[in-house]
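Database features (TrEMBL):
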type	residues	note
TRANSMEM	6-25	transmembrane segment
TRANSMEM	70-92	transmembrane segment
TRANSMEM	104-126	transmembrane segment
TRANSMEM	171-191	transmembrane segment
TRANSMEM	197-219	transmembrane segment
TRANSMEM	335-353	transmembrane segment
TRANSMEM	392-412	transmembrane segment
TRANSMEM	424-450	transmembrane segment
TRANSMEM	462-481	transmembrane segment
Amino acid sequence: MSPQAMLYWPAVLILVLAATGTSMVNNVRIYMIEQGLCRAYYSISDPEVILADGSVPEEQCKLDTIQAKVALLVGCFHISTLVPGLIAAPIYTRLASKLGTKTVLLINVCSFTLGLCYFNLVCYFYDVFNIWMIIFTNIFDFIGGGTPLRNTLLYTYIAERVNPELLSNRLYLLSTLLLGTSFLGSFLGSLAMKVNVLLPLLIGTCIFSLTILSVFCLSGQSMNQAATMTISDYTEIPQNDEIQRTTYQSANTASGSDRKPSGLCRTIFRAMTVDILLSLSPVAEALQDPLTRMTVLIFLSNDIGMAANVTFKQFVSALFHWELADVNTVSSFDLIISAAVLLGLPALSTFLVNSLSATKQQVDLWVTLGSSIAKIVGELGIGLAPSGNTCFLFLMTYAFGSGLLDGLRSFATSGLEDEKSIQRLYMAISMVQEIAGFIGAPIWTSLFYATLHGNIALPKGVHFFGAAVFFMIAFGLTLRLQRHVLRS
């Protein structure tokens with residue numbers, strides 16, 4: 001391992017362990033929710049269906065009444081996961097400048113591990129806890145700042161310790177690595193689930209808990225401090241769009257890690273009041289530009305559409321009576337396609353720029369438009385699919401649109417020259433994506449719940465049609481953006 005790699009490998013290790021552990025736990029989460037609600041249903045209507053070990057045969061849980069409750073709880077849980085990142089992240093970003101990045105990360109991974117343990121306890125002691133109590137799992141994210149804060153701090157840590165000329169390639173390889181480990185965790189979790197449903201929960205929690213030890217391996221030495229370890233000096237170049245997105249939120253954290261605010265209580269109070277208000281000011285400035293407003297609207301429409309896939313696994317399981325373990329196994333392969341697409345897009349973009357003499361902005365918009373078509377076809381196909389196999393085929397089609405947001409981010413940053421403008425843009429995009437999650441998740445889960453519950457006489461896949469409409473809106477806005485670029 002090279003001296004430079006030794007500086008940032010602990011952060012990469014934390015990201016890999018977190019991705020593997022959480023993918024294993026997420027794989028079995030819907031099953032545990034379904035079992036808890038199914039058990040409660042049959043304990044009243046027909047107790048004899050409940051087996052001696054407290055489980056219920058999965059085929060008995062595919063009633064629309066039960067699945068409607070599952071959809072409601074899954075939707076509420078997903079929404080509750082969005083709140084900590086929106087509220088707690090500004091507080092911990094401020095605290096990182098007083099306590100240090102390592103301390104804040106230690107609090108973060110410890111609290112997340114406790115949250116996983118709490119979820120396991122609720123599922124294991126089902127005769128003591130109501131399954132709805134899993135909603136309180138995300139209280140632990142409030143204590144630690146949530147996943148967005150952890151990713152921001154870790155990506156900033158990596159960016160400070162990598163030669164800027166190599167930064168883009170390193171982070172691109174990291175994204176592919178994380179997709180691979182997520183696939184591995186999801187696939188192995190599905191296999192372990194068939195042995196014992198609690199096994200992926202325990203293994204996933206243990207894997208994630210290793211991040212606690214990994215935090216202690218983090219070094220305070222940055223790239224500048226380790227200049228003697230590099231072969232040659234380097235010149236600053238602009239960071240790519242993916243790095244900008246993950247680092248802008250923690251720019252103050254990185255630059256102010258050695259500052260000593262006057263007091264912890266005062267720091268917390270300022271983070272909860274002044275810092276939140278100040279964070280809105282750059283967003284307002286960014287949205288004054290018409291082109292930025294259009295780009296942000298495209299992000300909003302796309303992310304609302306993407307929120308529909310929160311229901312995908314339950315949709316396939318409920319409609320086609322597939323076991324959730326099988327759904328998890330097959331659906332995990334879309335990560336392989338996403339990784340392949342992300343690996344191939346840079347080469348494709350370079351080829352198009354050179355062979356067609358097109359500008360980088362034009363190619364980014366072509367990638368965005370092509371990815372939008374894949375998303376639209378995928379969503380419509382999933383909603384209309386007559387079988388589970390067809391549904392998975394269209395999921396793979398949907399995965400071919402994985403370059404959608406990356407292409408749009410690259411287009412948005414290519415016209416910006418100064419760092420402050422890029423930071424304002426990504427702050428606006430990040431906030432819009434959070435808002436899209438709060439809008440999309442309740443809409444699609446409520447619509448799915450209503451079709452299962454029989455409240456509205458519509459097909460059960462109608463929410464995927466709705467998601468396709470939002471992708472179509474984004475497609476139209478992108479075409480309008482393309483015409484603007486061609487005119488200018």
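Keep in mind that glycine also has a Cβ here, set from the backbone N, Cα and C atoms.
Just so it is clear, the model here is predicted, and its values are computed rather than measured.
Among the stretches 104-126, 171-191, 197-219, 392-412, 462-481, the one making the largest number of Cβ pairs under 8 Å with the transmembrane segment (70-92) is 104-126. Ranked by Cβ pairs under 8 Å to the transmembrane segment (6-25), the stretches 104-126, 335-353, 424-450, 462-481 are led by 104-126. Tallying C-beta pairs under 8 angstroms between the transmembrane segment (424-450) and each of 104-126, 335-353, 392-412, 462-481 places 462-481 first. Long-range contacts of the transmembrane segment (171-191) within the same chain: residues 12, 15-16, 19-28, 155, 158-159, 200, 203-204, 207, 240, 242-243, 246, 325-326, 328-329, 331-333, 335-336, 338-339, 342-343, 346, each at least 6 residues beyond the stretch ends and with a Cβ under 8 Å from a Cβ of the stretch.
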